[in-house]
Amino acid sequence: LLQHHGRARVDIYEKLPVPFGLVRFGVAPDHPEVKNVINTFTQTARSERCAYYGNVTVGRDVTVAELQQAYHAVVLSYGAEDNQVLGIPGENLSGVYSARAFVGWYNGLPENRNLKPDLSCETAVILGHGNVALDIARILLSPLHLLRKTDITDCSLAALACSKVKRVWLVGRRGPLQVAFTIKELREMINLPGTRPVLNPSDFTGLENAVKDVPRPRKRLTELMIKTALERPMEAQVVAAQAAAPREWGLKFQRSPKEVLPTADGTRARGISVALTRLEGSGDSARAIPTGDVEELECGLVLSSIGYRSQPLDPAVPFDSQRGVIPNSAGRVDGVPGLYCSGWVKRGPTGVIITTMNDSFDTAQSVLEDLQVGALDVATSREGFGAVESILRSRGVRPVSFSDWEKIDAAEVARGKAAGKPREKIVDPQEMLRVIGH
C-alpha cells in the first residue's frame, strides 16, 4: 500500500507489546533464516507513513466499528489464535498438549509461558504430519548444544535439558502420499545428530510407481521417505552411528486417534488408542476410513498438531465458524465496504510465510482497486490514530510504539549476548512494559 500509493498512511495495531506475530512465536528457534522477513517488516514500520501501536487488543480496547470511523479502510490480519481440538476422550488428561501451546511455550509466547510440560517419559506421540509436528519432534530430540545457540527461551531450554524423551512417533490418519510437511524439514529430521529415523519398509513398498505422476515437490519428498525406509546406508560408520544413536523418531501412517488412555489413578496419559484406517480415493483428496481395528501406543506425552483455527474478533465482523474464516472475496469482507482481511483468517491456516505474503499483496491490490474506482470514499477525511488515541486513553490503554519495541529488542539482544544466544526473549508482557518505562 505504501509503495503503490504515495499518500497512503498505514497504522498497525497489535495485541502484544512486541511485533512480528507468528514469525516471532511460530517459527522454530533453530530456523533463524526463516525470520529474515522481520528485516522487511522493520523497514516498513520505520516509514514516515507507517505507525505501529502495540499492546492494543482490537475487539476489546477498541472495536472494529470505532476503527472504521477513524480510517477509510481497515484490514484484519490477525491469523489463527486457536487450535483444532481432537474431540476424543482423555484429551484433557495431564501430559496432553496442543502443538500451538507447546510451540508457544518454547518460543516465548506470553500466554504459554507457564505451560510446564511434563517431559519425564521416554516416548512422545505427535498427532499430525505437518511441518509443525516435525518442528516439535526436532526440538524434543535435538542435542542441547544446538538449541543453546538459538533464541529458544531459557526456561524451555532448562526443561529440555532434564527431558527423558528419547523416542517420538509422528502419527497421521492418511498415508505417505498425503503428508503435509516439506522436504527441507524432513531432510533436517533425517540428518539430526544422535537420532535415527525408524520408517517401516512395508509402508513404502510399491510407492515408486505411484509417485511417477505426482507434482515434483511431492515426488521428491516421497522418494526421500522411500530411500530412508528401504535403502539401508552402506557405509559401516553410518550404520554404526545410527545403531548407537540414543534417540529415535518414526512416522506411523493410517492411524486415527480414538482415545487418550489414562494411568491407573486416572490423572495422566499413559498411551493412546488409535483406529487403523484405509484410504478411499487418492492424492490430497484421499479420505481415511476406520477399518474397525484398533492399536495402542504407549507414551506419556501426547502433542496434538492437527491444525490451527481462527476466532471471531468482533460482533461487527461476519465470521464463518464452520470454516473458521472471515467470508470474503479477494480480501474484501462480504457485505462490509471498507473492511478487508488477509492471511489465515482470510483463507484458512495453510501455507508458509511466502504464501501469506503473496496473499497480503492480493488484499492490498483489492484496496488499491477500490480506491481507484471510488468504492472507498476518501473525500471526507478521517482522523486515524488521533480518534483512536482518545478512545484508548479513556479506557486506560497505553499503546507501545515501534521505537518502544526497539528498546525491548535491545534489552532482549543484550540478555542473549550474556548467555551466548542471539536473544533472550522477555516472556512477561508486564516486564516488557517495565523495560520501556510504561
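Glycine residues also receive a Cβ, built from the backbone N, Cα and C atoms like all the rest.
Computed from a predicted structure; not experimentally measured.
Record features, source TrEMBL:
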BINDING   Glu14, Leu22, Val58, Trp344, Gly351, Val352, Ile353  FAD binding site
BINDING   His129, Gly130, Asn131, Val132, Arg173, Arg174, Glu185, Gly351  NADP(+) binding site
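Features recorded in TrEMBL, as mapped to the structure shown.
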{"residue": "Glu14", "record": "FAD binding site", "Cβ neighbours (10 Å)": "20"}
{"residue": "Val58", "record": "FAD binding site", "Cβ neighbours (10 Å)": "20"}
{"residue": "His129", "record": "NADP(+) binding site", "Cβ neighbours (10 Å)": "23"}
{"residue": "Asn131", "record": "NADP(+) binding site", "Cβ neighbours (10 Å)": "19"}
{"residue": "Arg173", "record": "NADP(+) binding site", "Cβ neighbours (10 Å)": "23"}
{"residue": "Arg174", "record": "NADP(+) binding site", "Cβ neighbours (10 Å)": "19"}
{"residue": "Glu185", "record": "NADP(+) binding site", "Cβ neighbours (10 Å)": "20"}
{"residue": "Trp344", "record": "FAD binding site", "Cβ neighbours (10 Å)": "24"}
{"residue": "Val352", "record": "FAD binding site", "Cβ neighbours (10 Å)": "11"}
{"residue": "Ile353", "record": "FAD binding site", "Cβ neighbours (10 Å)": "15"}
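The separation of Asn131 (NADP(+) binding site) from Gly351 (FAD binding site), Cα to Cα, is 10 Å.
Within its own chain, Gly130 (NADP(+) binding site) has Val179, Ala180, Phe181, Ser305, Gly307 as residues 6 or more apart in sequence whose C-beta sits under 8 angstroms from its own. Geometry remark: Arg174 (NADP(+) binding site) versus Val352 (FAD binding site), CA distance 22 Å. In this structure, the binding-site residues Leu22, Val132 were compared by how many other Cβ atoms lie within 10 Å of their Cβ, and the smallest count belongs to Leu22. When the C-alpha distances from Asn131 (NADP(+) binding site) to the binding-site residues Glu14, Leu22, Trp344 are tabulated, the minimum falls on Leu22. A separation of roughly 15 Å, to the nearest angstrom, links the Cα atoms of Trp344 (FAD binding site) and Val132 (NADP(+) binding site). Comparing C-alpha positions, Arg173 (NADP(+) binding site) sits nearest to Val352 among the binding-site residues Leu22, Val352, Ile353.
Using a 10 Å radius centred on the Cβ of Gly351 (FAD binding site) and all shown protein chains, the other Cβ atoms total 14. The separation of Val352 (FAD binding site) from His129 (NADP(+) binding site), Cα to Cα, is 15 Å. In this structure the alpha carbons, written CA, of Ile353 (FAD binding site) and Val132 (NADP(+) binding site) are 13 Å apart. The two recorded residues, Leu22 (FAD binding site) and Val132 (NADP(+) binding site), show a Cα separation of 12 Å.
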